Every structure is written in structure tokens, then in C-alpha cells.
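Here is what TrEMBL says about this protein:
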{"type": "COMPBIAS", "residues": "903-917", "note": "compositional bias 'Low complexity'"}
{"type": "COMPBIAS", "residues": "923-932", "note": "compositional bias 'Polar residues'"}
{"type": "DOMAIN", "residues": "31-191", "note": "domain 'MABP'"}
{"type": "DOMAIN", "residues": "183-630", "note": "domain 'UDENN'"}
{"type": "REGION", "residues": "704-723", "note": "region 'Disordered'"}
{"type": "REGION", "residues": "871-956", "note": "region 'Disordered'"}
{"type": "REGION", "residues": "1291-1317", "note": "region 'Disordered'"}
{"type": "REPEAT", "residues": "791-825", "note": "repeat 'PPR'"}
């Protein structure tokens, strides 16, 4: 079994920027931002101020006069000035005075430069109706590098004028006069920079590790994504406030289709003037233009970026780490270099299913909670930012765009918003997967991808439109202004094109969530500040995380309603596949699906079904896919919304904490100390972000390794998905409250255990096809018994094995059996079914020679069988049954079955459903039939006769492991998977096989320490809970919780001369060798019989533990000899359940190789026999013997020797006969009264551990047989009801006289026949 490393949290750490020694490739510069706005009145003689530009024309070439609709027109015009001498203007607005309040941080243009009123309304209008232009300016600390207005325009919508792309329109009319068209102002925002030079970021300044990882080589284009707008070299005034780092994210796609997430922060640091040329210094304002004199009042800064690449989209954690590293580089001095912290974070292992608390320093920690419980695909999406930046209407419109695979271009001035919204766009169409080109943050140098002739989703910086015009066939979305631009030639997309009912529900839900979002999200939190980055995110965003899930659930509900019922139109492959078997048209009934939709929705569904996403979705649903867990979760959502009001159904548990059960603390690097124990001096101090030295990085230590998944790629994987486990837990919780369903639930999990073991069993068999057919018979047997299966694992594993061993026809039969049981295969099972029938070789359909020879062989065998009776009649001269009885047994037709069963087998009515599945059983009425050719083994049983002596009769038994690698499919092999019946056994054995025989006695009877009562198997089952982690059962007498135990005793049954029969029978097992009889006393062993005691696990708990074992150690562990010793609890529980249900396994072969057996056995090729007992294996001899033991002692019936002590108990032979007489006469209440009266006459407390019901039941079994169990239950229940009226139920309960609960009785009935007593 191979192992693999735990996944690392980070793959690469990268530093990108401008290489001082490398070539500098310049990029285009941006325009200066707008810093001032004025309104002038040309009609009153005012001129345009110096340095200002007047807007005289609208976009369509019409007059841009602001007061055209006024009676006394002062001819007002808007003027603006560009510059970098003050913070830029961020937004424009219009204020209707008296109707609204001025927002905080906004300024009003109340007067012109000549101190006249700048009101856009009529001069004589009252004060309450005045209209003014307003603006908002950036803060002084952000004036040199922030978003700012770079262009302003006026437009007349009545003239057909619209705002240009990337422009934001203020939806307030400037013309408040009585006539004239409406006039609106619009503006464009861009990044406002100081004197700057922009260069392409094409080189790594550092990368760690330096060698590429085998699974993911580091792409050369990463620096371009770290600095998508290029590297800027800027000159700042000396008093400029230091700029905060800017966080950005991006997504890369590997050659295998996996996503790699990048997180980077961009910051400025000082740059040397000596590296600049004279021309560059002049452009940056560092040299005077005339005399080239250095200007010392400005500083030189350069942009740099640090970045991490990971397969995990933990953007918040990465942002905190990068911020910590950046702060570490600008502070100091430090004891440890920055390389130590970086390597510590890089080599942090990402522990699955756990919370991780990464301690960077005593004051900095990162809390990482991986959402392992979420069935939704992991991504870097932020539905909050999607709804916040687009609003409900545009979000629904973009969903339509994605579902119909349009060309979509997103742009924004905020790079981190681009990635988050792009990820949300491709996630909101779940389960459909976007398979076309996808670049959430595309650098300007790679913008040629927008000319691709295929659908795409691309995000670019808004400055792209300063250089290029968008393609005409692309839908452009401005995330900063919340506007969507489409070509005028195409019909505008509208969310109303979605299916009406579901689209309206989605829109209303998003509208309500958007209102909530506006209340809890303040604009100030969007702009990153150092204090904000250091704040505890879990405390601030707790409500936002819940809102994030609610938005995602709204889209999930829409998709579930959209594709509701799609699985009924999947077409399984039921015959030999052709060349077109994998086409979507062959796998999906497209026309039937379209006809099932409303007629008004046909156009949309037609477009949807023609997309690559839908085709890929059908293929993933039809075949094995890596997304099977997600698809199964979606199928569950489809079932949930198939109700009258799907909007009220919860699809995602909003109150779930997406964190593990435990927290792993990752400690920071340890600071060194001096030899005398004092602290080392702080030697590491940095002026700029340092050039990291590879020798200072810590090398990775021996990382924890986890085993690979338990099954090889070609071997069936029995693991259940999280959704199947969750659904099984809900069903178990529901059925635990219903007595008649709880036993069927336990039975279903027991069969699930065997099917999980099935691959190991089939692999060990020589006739693998026959073993598969036997598993198919087990499925039919389960259906006949109406077993409640918790999941589809039984069918799925058998389908996988059919594909592995080339049995497609059997796979089709399994699918039909599954549908017959009313089970619709989920995505996983359906995928493995199609894989089995598609990749396996089908049998030839023509009548080949092999088939004709087989028919001829069957005909000849049938004729020979018909002729044998005629020959016997001719030889005996008689056709009567008497003559046939006088024949020599060797001349009789030999049965093909390996078992001869008596016709009067006790308990036949109850055990008929547990009959062996290996073939027909041949009945016999005498011991003469036990003499078979070649001394084959048959089994018989010795029962007490009417005179008290033993009688022999046939019984079912199990003798396993008689051949090396013994199976259960050959006629020459000795295997029977039936039941033991009560009483001793007599067996005819080949002397070569009887050299040694091992018997394993097992019992689940456990003692409740609270009330000193023995609790039996069915009562333990009834006391189990639906919790698959709870080992406790509840005592039926005191209701206390206790852990039941499973006991196993291994005995040596080897023959010896002293065991030859010379007198009366004194042993329990009798082996007949040819004509000799060997008596084997039970429990005889050399050095004492070894015993094993393990916890008796519920099938739910055992299944969870078995699945965990297979996941951690692999499937092969079940066939290894050390399985018994290393995992004894799982081993003995599996043996117990498989024997209870009569299911074949190879587990008993591991018993022969166990040290428990080898200590008293020298021959490994021996038979192993298992007997399941009802009563305890190790009774407390200080207690009174049970009634059935006393009966057997008085009757002389041989039994196990328990070394009972002599007690003065009142249970004489006459007492036992009296009890049996009342029971036989259906007067059980008198027997109960007699028992209670007898105990009341004794001094002291009675030494009895068994309940009164159990004493009478076992006594009835010992004296009358198993056929009377069901009748006794009815009699005792009637007697209890009768005595409850006189003695009271509480008094009877104190005396432990109550019958078993209905749940316990049903458990016994489901796991019948009863065990041996």
C-alpha cells in the first residue's frame, strides 16, 4: 500500500517586481485625475478659469448648457481641472435641496468663481427647490494613489445619447426647468497616480522553492498576474503619507484542469535614483527641466508584490499572512530572519477535517477552517461581493448569460473583486461546470483572448478601455458602476428570459438579501486599512458568512428547480455498446426532457441543452466522475425542491460550522538562545523588502503521511459519500423510534458490511464469476426479506465488481433488481454501472460452437439421469420403494449438493430465509444416508429421546477452511452457510481432514454492571441508538447504559484413541469416520481454551469503523493475517454478523494463522467451525445455575462443563417438571407464580442473573426445542398481562419478570433463527 504526503497549504512563494539589472519594458501611462469642478455663468460675462476645461458639447454634439430650460437663462456650463496637486475627486452627484440631505463627505458647488449662485434651477425659485452639483473628494492620505474621476461628460437621452462604456451615470436630471430635454452628467473613474513610469512585470525577483513541483510547475506568467497593471516607478512629495498595501487575487488553470489560486499584495518601497536615466528622472520630476538640477523635495518609490500560490482558495488566510510578512519587513530589528516565517508557513500541512490555528507570532495567528462538511465545490467565490456589486437584477441577468454560454467580460478597478465575482459566476450555475476559457484576472498584455471565437469569462482592469474598445459580440459588465453593456445589434439580455416562476422566486429572494446586505455592510469596510486587516475576521463577518450561504442557496434552489426530474430521462446502456453509446443523445432523452417543461420555456431550455456545460453534465451523471459527491448532493437538492413550495425548503444547513471537530496548533519558528540561556541579539533589520536568501529557509521536516485511498483504481471503493452517510444517519434516527423498522435498519447495515467485504472475498476465490452470482442471489434474498438498505453501496459494489471481472450482463441484472426494489440509482451508482457495461466485453449474440456444445452436453446429461431409474428397476426386479431401500447405498444416485439435511430439522419454518444459497438441499431420513462415496463430510445431530438417551438426527453445521484458500463454490469443497441448531452434532469426516479441527464458540450475552443482569443479543440490539459513534446499549431492566461485549472461545477438537465410544455418550460432538465413531468433548484444548473479549458493536458503529479502516489502511488489510490481532474488534464483530446471516467469507482462514490457535495447533490445514451461542460463555459460578442447565443435568444430556459450585438452590427436578407442565398446558402465569413464590421462600436475595422470561425460555428450548419459541412468547406475554392486574407492572419489573420489548422481539425475528442455547 502506497502512501502520500498530506497536502501543503502553499505551493510557492513569489516576489515580483522590477529587476534593477534586467530590461525594463514600458507600458502606457494613465491620464491625470480631475481635482476641481466649477460652474460658470457665461450669460453674466464669466470666463473659464485658467487651467480649467469647459464642457460645451454633449456626447452627441449638442449644446451642454446646464440652464437651457430656465426662463432667465444665465447660460451655465460645467468646467473641470486636472492635476496632481491635491486629492482627486471620487464621485459626482446632484442635490435637490429641500428634498434630500447632503451625504457625509460630499461638497456642494454653491457659487461660481465670481461668487454668483451656481444653482441649476430658476433664479427666482424658492430655496427649497434649488438644484446643485455635488462631489466627493479623496482623503489627503490617499490622494496620490487611489480611484479618481478621470473624465466627465454630459448626455441627452432624448437625443439617443447613452453613457459610454465604463462611465457612471448620475440618474438625476439637471434640467429642472419647464421645457427642454433632460440633461444628465456621467463620469469615468480610474486609478489616479502621481508622476509615474509603468513597466511590464515579467521577471521573478525570487521564488521558493527554487525547483518546480512535479504536480504543478510554476508558470512563467505569474509575475504578470501579481502586478496586472505593471510595475510603476513613482515620485512622491516627501510629506506624502505612506500608501497601504493592495490585496489582489487570481486563478490559474493547470494542464490537468485543476485550479490554482494566487493571492498577492502590492506595496511601494524606496528606489535608487542611480538606476534611472536622465530622461526618466525628468519625467518623474526628479530633475528640473531647464538646468537638470536635482529636486530633493521628492522621493522615488517602486511597486513590488509578494504572492503565494496554493490549491486551496483560502484568500483571507493568505491576506493575513502576506500582511504579516510585509509588516515584518518594515519593522525590526528581529531575532529571526523573514525566511524562517515564510518557510514555516509554506510547509504547513493542510489537515483535512480539522481546524488549524497557525501561530505566526505571540500577537498574530491565522485560524483556518476548511469547509470539509460542505458538499458544495470549494472555490474562491464571494456571493456577497457578487450581489453587492451587481444587485439582484444584474445578478439574475448574468446567470442567464452563463447558462446560455455567452462571451462575458468583467472589468473593475479592484482586482480582488474581479476574482471573487468571477468565481461566484461560475459557481452559481452549479452543478453545471463552466468548461470554456476562464481567466478571472487577465493582465493587459494578454487581452487578445477577448478575440477568441468561443464563449469565455474574462476579467480585466478597467484601464483596458483606455487603450482598446471592447469587441462587439462581448457582454461587458462594469463592477464599479453596476452596469451591463451589450451590442446594439443583439437583443438585450434580460433575467425575465429565465423560466418565469423560478426566475421570479430567485429575483425576490436576492432582492430581500440585498436589502439585508446593505444594512450590515458599510462602505468604509471595503477599503482596506491596516487596522481592518488586523481585526478578528470571525467576529466581524459572522453574519456575513451566513448571508453568503443564503445567497448561494438561492442560486442552488433555482438550479434544482430548473433541472428537476432530469434523472428520469437518463438512458442506461443495457446492451452491447456501439460507437455512439457515449453521445449525449444516447445517454439522455432530450426530447422527452423538453416536452416535460412548460411550453413558454422551450426556447430557454433549448439553448441550455445545446451548451457544452449541459453535455458535460449529462456525461458526468452517466459515467464515473471526480464530481460524483457534488452531483449526488445536487440530486438530493432536486428531491427536496420537488414540493409545492420549494422556496421554503432548506438545501444547505446554514447553522453548520464549517470547521473540524478538533483544532491543530501550528507553532511559529522557535527563536534561538545563547549558550547561557539568554536571548539572542536582534540582528535582522530591513529598509526595504529584502532579497531573500535560500540558505536561510528551513527545509521541510519529515511530513506526516497519509495512506492512499483504500482501493486501487481498478478495485471497488466501498466508501460512502458524506451525503450518503448523512442520509443514512437521518434514516437510522427515524427508524430507531419504530420497533418493526429498527431491526430491518440494523439488518440492512449488516448486509452492507458483507458487501463492503465482498471485493476481498471475490479476490480470494478461484471461481470469481460464481461468487458474483452468489452476491446477486444475496441481493434477491434481501429484497424478498424487505431489508431496509441505508444506501446503494450493496448494488454499487456489485456493479463495480461486474465491471472489474467483465460481467456486463450481470450488471444489467443488478440494475433491474435495483429498480425492482424501487431504488433509483444515484449519480455514483449510475456512473459505475455505465462504466461496467461500457468497458466490459459482452458475450457474443450469435449461436457459436461453444453454446451448441453446451446444449448438447445438457441434453446427454438429462438422458442419462432419466435412464438411471430404469436400470435400477431392471437390476432389482422391483419398482417399489422397498426394493430401492434395499439397494446398496453406493449404487444410489449421488446428490450434487455437499449437504444432507434431515426432513424434520427443528426450526425449519423460521430459518427458511437463511437457507444456503449454494444449491438445493437433499433430504434424508436416516443415518444410513450419511455414508457417502469417498467419505465426504456430512453432518448430523444428537438429540435427547423420550427415554432421556441421545438420538441422532441430521443438523446443519458449518465447517470452514477445510481446503487451503477454501471457497464455497466447488462441489468437492466442504462449505455450508446455514445455521447451527441446538443439540450436539455428529459428523462424518474424511480421516485426512480430521487431523485437527478448531471450534470457535461465540456469544454476545453481556452483563449489566448496574443491576447484575444478563442482557441478551436481541435486547442489546434493541438498546442500541442511531448514533454511529455510540458504543453503548441500554439495559432493559435498569435502563442504564453499558458497553456490551462479544466473547469468543477457541477450542481444539482433535481426535484421540481415548474418545472411542465404549459406553454411554458423554460428549457433545460426534464425528463418524467410515464406520467408526469419534466423540470429541467440547472445549478440549491443550493448555486451556483461549478466549477473546471485544466490544460488541452496533452494525452502524461497525460500518463506520470498517470504512475508516479501509480508508486509512486499504482494502488489502481484510485479507492479511495480522487483521485478527491488529483489529480484533472489527474482525470478531464481522465474523459474528456474517455467521448470523449465513454469509460466506474467508475470515475464518485468518483464525488458523492467528497466534491464538498456533499455540496449541501444529497443522495449519485444519477445519474451523463456528457456533453462535445465546447464553454466556463464562457464567458466574457463584450464581445459581440456570434452569435449562439443571434440566440437562437431570436429563443426562451432555453439555459444556462449567464447574458449577454446589448451591442450595430450590430448583429440584419436580420443580422443573412442574414449570414445564404449566408451560405445556398454556398456564404460564401459574409457572411464573410458582417461580416467584419459590424465590420468596428463600433466605437472602436470590442468586439469579437471568430474567424470569429468559429462564423459562431457555428451559423450554432445552426440553421442547426451537419450534416452541414463537408460541412461548405469546404465552408469556399473555401471562404477564394477566399477572399485571394482580401483582402490578412495577412489582413484576422489580423482579425482572417483564417480557422483552417489541423492538427486541422484532430484532430476534429479523435475525432468526434463534441462537443455540
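A Cβ is built for glycine as well, from the same backbone N, Cα and C atoms used for every other residue.
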Cβ contacts under 8 Å made by the region 'Disordered' (1291-1317) with residues that lie 6+ beyond its boundaries: 739-740, 742-744, 746-747, 907, 910-911, 913-914, 979-982, 1003, 1013, 1017-1019, 1021-1022, 1036-1037, 1140-1141, 1171-1175, 1188, 1232, 1236, 1239, 1251-1253, 1258, 1261-1262, 1266, 1269, 1273, 1276-1277, 1280, 1283-1284
Per-state residue totals over the region 'Disordered' (1291-1317) - DSSP helix, strand, coil: 13 helix, 1 strand, 13 coil
Within-chain partners of the repeat 'PPR' (791-825) [C-beta distance under 8 Å, separation at least 6 from its ends]: 567, 572, 574, 576, 714-718, 720, 724, 727-728, 751-752, 755-756, 758-759, 762, 768-769, 772-773, 775-776, 779-780, 782-783, 832-833, 835-837, 839-843
Per-residue pLDDT averaged over the domain 'MABP' (31-191), given as an integer: 83
Secondary structure content, the repeat 'PPR' (791-825) (per DSSP, counts of residues): 25 helix, 0 strand, 10 coil
